[in-house]
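A.B. asks: Here it is, the structure in full.
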Amino acid sequence: MFAELAPYLSNPRQTLAQILNFALVLSTAFMGWKALSVYTNSPSPIVVVLSGSMEPAFQRGDLLFLWNNSPRAEVGEIVVYNVQGKDIPIVHRVIKAFGAGDGGNKSQRRLEREADKPSGPGLSSPLSHQILTKGDNNIADDTELYAQGQDYLDRKLDIVGSVRGYIPAVGYVTIMLAENPWMKTVLLGIMGVMVMLQRE
């Protein structure tokens, strides 16, 4: 292996060219991801299902494609959301939705609770579109998963996107890398060696 690398180590210019080529591949992938994020209006336009809470609709390891340009989330729609203070996307179905032009369907009790809530950055307003979610394979709704003191999700603040398509099982690679950090180092090492060995 070192014998194969010897020509590159003895030729700094060629080695630098290979490193730049590797950096170009990474930057192209990054720009593609950012472009997709802008188009879908989602910070994470592609996510992986991490649990079995949405079976049988989605299995662990399925790769989901998201769209976040709709102002509302309808009952029955599958959304991905982030819990405040956590960085783990959750894929669940909307079972209740109200607010932001729902025709005044809120209960008086809910309106009173909203009137008592403070307003400010990161907090839902009484006019925001709010939803309640639940995993298809779960018995209870997601209230216990939300941030402390949060009864519902805010469509604008908490939702990453709505599911518009998926590819089964492809995301298992991501799960394996997340559960085994050493595999990331090995994978990057292999990619680096492959680029170094690539001849123009």
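Note that Cβ sites are derived from N, Cα and C of the backbone, with glycine treated the same way.
Quick paste of what Swiss-Prot says about this protein:
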- 1-14: topological domain 'Cytoplasmic' (TOPO_DOM)
- 15-33: transmembrane segment (TRANSMEM)
- 34-200: topological domain 'Lumenal' (TOPO_DOM)
- SER53: active site, charge relay system (ACT_SITE)
- HIS92: active site, charge relay system (ACT_SITE)
- 101-129: region 'Disordered' (REGION)
- ASN105: N-linked glycosylation site (CARBOHYD)
- 118-128: compositional bias 'Low complexity' (COMPBIAS)
- ASP142: active site, charge relay system (ACT_SITE)
- 186-197: region 'C-terminal short (CTS) helix' (REGION)
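Could you give the neighbours, burial and distances for every feature on this list?
C.D. replies: Within 10 Å of the C-beta of SER53 (active site, charge relay system) there are 20 other C-beta atoms, taking all protein chains into account.
The 10 Å shell around the Cβ of HIS92 (active site, charge relay system) contains 23 further Cβ atoms across the protein chains shown.
In the three-state DSSP classification, ASP142 (active site, charge relay system) falls within coil.
For the region 'C-terminal short (CTS) helix' (186-197), the model's average pLDDT works out to 73.
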A.B. asks: In whole Å, how far is HIS92 (active site, charge relay system) from SER53 (active site, charge relay system) when you measure between their Cα atoms?
C.D. replies: 8
A.B. asks: Can you tell me the three-state DSSP label for HIS92 (active site, charge relay system)?
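C.D. replies: Where HIS92 (active site, charge relay system) sits, the three-state DSSP reduction gives strand.
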